[in-house]
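Asks: Annotation source Swiss-Prot lists domain 'tRNA-binding' at 40-156. Swiss-Prot lists 411-486 with the feature domain 'B5'. Summarising the annotation, Swiss-Prot assigns Mg(2+) binding site to Asp464, Asp470, Glu473, Glu474. Per Swiss-Prot, the feature domain 'FDX-ACB' maps to 717-810; the stated evidence is sequence analysis.
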Amino acid sequence: MLVSYNWLKNYVNLDAVTPEELAAKITKSGIEVEGVEYIAEKNENIVVGYVETCEKHPDADKLNVTQVSVGEETLQIVCGAPNIAKGQKVAVAKPGAVLPGNMKIKKVKLRGVESNGMICSLQELGLEEKYIPTDIAEGIFVFPEDEDIEVGSKVDEWLNLTDAVLDLDVLANRPDALSMLGVAYEVAAVLDQPIELPTKNIDYIDEKVSDQIEINIESKDLNPYYAAFMVKDVVIKPSPLWMRNYLMASGIRPINNIVDITNYVLLEYGQPLHAFDFDRFASNQIVIRRGVEGEVIQTLDEQERKLTEDNLVITNGSEPVALAGVMGGANSEVTDKTVNVLLEAAYFEATAVRHTVRQTGLRSESSTRFEKGIDPNRIVEAGLRACQLMQRYAGGKVLQGFAEENHLDTKSTKEVKVPLTQVNQRLGMELTEKDVQSVLNRLKFDFDQDGHTFIVHVPTRRRDITIFEDMLEEIIRIHGYDHLPYTIPQGWVKSGGLTDKQLLQRKIREFMMSSGAMETLTYSLTNEQNVKRLVTPNIDLENSYPISLAMPMSEDHKYLRLSIVPELLRILQHNIARKQTDLNYFEIGKVFISEEQELTHQPTEKLHLAGAFTGLWHNHPWQQDKKQVDFFVVKGIIEGLFNYLQLNISFKQVKMKDMHPGRCAELNIDGENIGFMGQLHPKTANVFDLPETYVFEIDLESVFEKYINVPSFTDIPRYPSVSRDIAFILDTEVFSGEVQQYIQEIGAPLVKEVSIFDVYQGEHLEDGKKSVAYRLMYQDPAKTLQDDEVESSYQQIVEAVNKKFGSYVRS
C-alpha cells in the first residue's frame, strides 16, 4: 500500500513528525514500512510560468522562442515541445535548478538564440511515466485552465513534488490498512491525535434512484449486498490537479474525473466502486448471478473472457456488463460521451472474486480488497462520498437515496471482554484502568466497563480482532512495546540437553546404523490400499479409523499412516527397480491413531521403529562372506537392540495378514505386546514386486515406559563358563523359540544363555521333522563348575525337552 504523506495530512495532524519519523513509529506499532521515497527533491528554482509569446525559432523548424513570465521577471526560453502555445501556464526550471538525474539548468544558446531556463514535462520533474495520464504524457506539462494557479509560485505546491510516499507492507490480517482512512486511524492511535473524517454534503435533485433501477441478486451466497447510486448530467473532463497528484503518488494513472473519483474513493475508504454509463446499460435492471458456461464478456482491457458457472457477473438482465469485483465490461464503460452514471458499491465474497482472478489472470486494486475483506459499514459511505465528488468535480446531479438488496448484517460488531487483571498478568505490567481507557480511545473503539473488565465493541473495520489475545496485542502495541519492563529470569537456569526419550531414540538409531542398516525418512501419508496394512498387533484395528486429509496432494498421500512398514516397502520397490538388490532400511517415525470416524479430537501419535530387509546381509568383519537375510538375521538384530537397552524381549509365533504364516512372531516385554517381526507373505511381496523380504515394527512408546536410563552394574565373572551343544529332532510345527525359552527355564540358574546356531530340514530327516541345534552356556558366579554338575543339568534338560515336545536328540 503506497501512502501519500501529504494526503494523510488531510485526516491527521502530522506537524510533529517527519515522514521518516512517522514510518519508524508505524513500523514499531506493527505495520512495517518498507521504505520512504520522495517524488522529487525540493527545488526553489522550479516555478509556475505564463507563456506571454510563442514564436518560431529563426533557424530551427522544431524550436519555438517563448517569453515566459515567472512573476518578478520574464525569461526568454527556447522550447522544442510540440504542445507549447501562448497563454499557457507551465512548469519552468530557472537557471540554477537541478532536475532529477542531476540535470543542471544553465543559460545557453540554442541555434544562436539565448535560452534562460527550461519548460518541463512531468517526467523531467521526476514523476514516473507509467503513472502519468496518457493525454499529458507527451510534451511539456500545461496546468489546467480552470485551476487557479499563481504565476511565480513554486511548482512543488501544485504538483505535490515534495510529497513523501510510504510503502506499507500490509499483512493479510489487516485489510483495514489498505485504505487511507484505515491508515489514518492507525496513525491517529500511534500519535494520539484526533482524526478528521471526510464530510459528505450533497444537494439532491427531486428524483429517486429506486425509481430508476431495480436490483435482483440471484447468487446471495456470493453477493450478500449490492447498492446502486445515480448521478445525471455529468461532464467528462480531467480530474482536479490535487486528485491526480494523490492518485499518481499512490501508483494509479489518472484517466478522467469519473473514473478517477471511483479510484480515489477506493483508496480513501478501501471500498471498490464501479461506474457504468447508464445510457449504455440498455436496461433498468441489475441482476447479479453466476456466469453461464460458454458465455462471453469483453472487459475494459478489450479482451474477450469466456465465463464459467464459478464466475460471478453483473448483468443488465440479459448480458454481462462486469466481472464482479474484478473488472467492468466494455459495453457499459464510461467514455467522453457519458452523461448519466450508475455507480456500484457492493460486497462480494472473497471466494467468488478469487476464483475469477485465478481464471482470468486479472488482479486489480479492487479485487485485492475484496479478496482480503472489506468493511460492510463503509459500503454506502463510500458510494455517497463518490456522489459528492461527482457533483462537485463533474457537475453531476445526484438522485436521492440508493437502490439496494441487502442480505448482510452491516451493523453488528464483535464484543471482546478484556479483564484488567488478565491484561497485567499476561503482559507482566501494572497498567491502570486509565491506561487501557486511553488506548481504547486512541483506537476509536467504543467500550463499556463492568468493574475492572472492559467490554470492547470492535468496529467492523477491524476484522482481525476477535478474541482477548487480539485486544491484548492492540493494548501493548499502542501503549508501546518499549514500556514492557525488563525482567531478569528467576530461579535456577538449567543447561540445555536431550530428554530421556531423545537419548533413547539416539541410542536406537546408533545401534541400527552400527548393525548395517540405513536410516530413511518417508512421508507420514499413505494411500487407501496401504493405510491398514502391516499394523502392529497392539493397535486395535476394529476401533481405529484412518485419518484422511481434506485436500490431499494426491491419492497416494491421502491418509495419515497407521504403520511405517508399507512406506519402507515402497522404498525397497523403488530401489530394486533400479537394480539395487541388497537393501537394509530402518526408520523412526510417528503413526497416527484415531478412535473416531469423524475426527473431533486430536489423534493419538505414537513413535515407532520399523525395518525392512532383503538380499544379502553383512555386518561382520570385512573378510567374512555376506549371508542371505533370513528370519534369524532380523531376530538377531532385534535381540541385539534390546540387549543393548538392557530389556528382556521374547518372541511368540503369531499369524498376521500380509505376513508368512510360519515365519512371523509378535514381540513382548513383560507379557506386553510391542510389535511384530517376520517374513513378508509372498503374495504381499508380489504386490510390491519384491523378492523374499523381512520386516519388523516396534511401538517405541511401550519401550520408553519399560526403559530405565540408569546403567546397571554386574560383576565381571570370576569363574570360567562351559558351553554344550545339543541338537533336537522336532516336529516342524514346534516353535524353536518356545523350546529355547523352555531350556532356559529348566536349566536355571546354571544355564546363563541359550542360543540357536543351526536349523536343518531336508535329506536324512523324516517328513514333518526339523533339526534345531542349541548352544547352552553354563556358569556359576561363586565357583568353577565340575563336569558332573554340567552333565547332570544337561541330561535333565534333554529328558524334560523330549518329554514336553516329543523330540529326541540328533545323533
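Positions of Cβ are set from backbone N, Cα and C atoms, glycine also.
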Asks: In the domain 'B5' (411-486), how many residues does DSSP put in helix, strand and coil?
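Replies: Counting residues per DSSP class in the domain 'B5' (411-486), I get 33 helix, 17 strand, 26 coil.
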Asks: Using the Cβ center of Asp464, Asp470, Glu473, Glu474 as the Mg(2+) site position, which other residues in that chain lie within 8 Å, going by their Cβ?
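Replies: The answer, listed by sequence position, is Arg462, Ile465, Glu469, Met471, Leu472.
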Asks: Across the domain 'B5' (411-486), what is the average pLDDT of the model, as a whole number?
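Replies: Computed over the domain 'B5' (411-486), the mean pLDDT is 92 on the 0 to 100 scale.
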Asks: Which residue counts does DSSP yield for the domain 'tRNA-binding' (40-156) in the helix, strand and coil classes, in that order?
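Replies: Secondary-structure composition of the domain 'tRNA-binding' (40-156): 12 helix, 47 strand, 58 coil.
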Asks: Going by a 10 angstroms cut-off between Cβ atoms, which of the binding-site residues Asp464, Asp470, Glu473, Glu474 has the sparsest surroundings?
Replies: Glu473
Asks: DSSP says what for the domain 'FDX-ACB' (717-810): how many helix, strand, coil residues?
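Replies: Split into helix, strand and coil, the domain 'FDX-ACB' (717-810) gives 31 helix, 32 strand, 31 coil.
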